[in-house]
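*Asks:* A single structure is presented below for examination.
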Amino acid sequence: MRKPIIAGNWKMHKTLGEAESFYSDVQGRIPDPAKVETVICAPFPFLYRLVQLSEGMAPSVGAQNMHEEESGAFTGEVSPVQLKDLGVRYVIIGHSERREYFNETDDSVNRKLKSALGHGLTPIVCVGETLGEREEGRTEAKVSGQVKAAYAEISPSEAAGTVVAYEPIWAIGTGKTATAEEAGDVCRSIRETLSELYGGEIAEKIRIQYGGSVKPDNIGELLAQPDIDGALVGGASLEPESFLRLAEVASNE
Ligand SMILES: O=C(CO)COP(=O)(O)O
């Protein structure tokens, strides 16, 4: 059985005070970590403080991006060594907003994935199609190509501990969710791709999240799909009550 994983992606939201207050609101109220893994991927400037506040308890702390090098002359970037040193445990890699606005490519996603794994961070690897690609019937080809490119030269044992997030770009922040069946079908095709790459046993271990306008009232049907093991959540992760509700529904799956 794969344990569900609910990850909040705060994107470029909140001040430090708001982030602290979110943590104090949710702490001690997160459902049993044996039943659901919870993560908050916060802006870089808050990570140190949130790791301190979390004291190793749920929700864990994640970053939204990282550079693949350990150190160097890369103004404005943050390395996996720096994240690890702070106690950060997860990192989102290849979010569609990074691909769209910050020129991330399948190649850079692959380099970052290798580097995150090499430094003991748990990567959440994002893939997803545009509306145009969906309308042209190219969803599965696009997503499978992104998965293959991201996992190039990643060993089966490393791949087993990763998380894939399927986020159709047209469903992000738009209020339009893929239907549970549509999302489930693509997540199944991602698992088939992982199975081609690594065999069924490893593919069954890799958790696949859905992301794109996930809310407390639609997460239940999404998680009921056999290949959806969690959610990567933007807007609905910003409020403590809504994040708690998502975690609660997932803990009952
Ligand atoms: O991009 C997302 C999470 O990474 C999804 O954002 P929303 O949940 O706000 O649609």
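Every residue, even glycine, has its Cβ placed from backbone N, Cα and C.
No curator has checked TrEMBL annotations; they are predicted automatically.
According to TrEMBL, the feature active site, electrophile maps to His95. The active site, proton acceptor annotation in TrEMBL covers Glu167. Residues or ranges marked as substrate binding site by TrEMBL: Asn9, Trp10, Lys11, Gly173, Ser213, Gly234, Gly235. Sequence annotations record features per position, and here TrEMBL assigns phosphoserine to Ser213.
Relative to the rest of the structure, where do these features sit?
*Replies:* His95 (active site, electrophile) counts 27 other C-beta atoms within 10 Å of its own C-beta, drawing on all protein chains shown. Taken residue by residue with DSSP, His95 (active site, electrophile) is part of neither helix nor strand, so it is coil.
Over all protein chains present, the Cβ of Glu167 (active site, proton acceptor) has 28 other Cβ atoms lying within 10 Å.
Of all the Cβ atoms in the protein chains shown, 12 others lie within 10 Å of the Cβ of Gly173 (substrate binding site). Classification of Gly173 (substrate binding site) by DSSP places it in coil, neither helical nor stranded.
In this view, Ser213 (substrate binding site) is surrounded by 21 other Cβ atoms within 10 Å of its Cβ, with every protein chain counted. In the three-state DSSP scheme, Ser213 (substrate binding site) is classed as coil.
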*Asks:* From Trp10, Lys11, Gly173, Ser213, Gly235, which binding-site residues have a C-beta atom under 6 Å away from some atom of ligand 1?
*Replies:* Gly173, Ser213, Gly235
*Asks:* So among the binding-site residues Gly234, Gly235, who's got the most Cβ atoms within 10 Å?
*Replies:* Gly234
*Asks:* Sorted by position, what residues of the same chain at least six away from Lys11 (substrate binding site) have a C-beta under 8 A from it?
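*Replies:* Gln64, Glu97, Gly234 - these are the non-local Cβ neighbours of Lys11 (substrate binding site), listed in sequence order.
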*Asks:* Reduce the DSSP letter at Asn9 (substrate binding site) to three states and note it down.
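*Replies:* The three-state answer is strand.
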*Asks:* In whole Å, how far is Trp10 (substrate binding site) from Glu167 (active site, proton acceptor) when you measure between their Cα atoms?
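*Replies:* Just about 15 Å between their Cα atoms.
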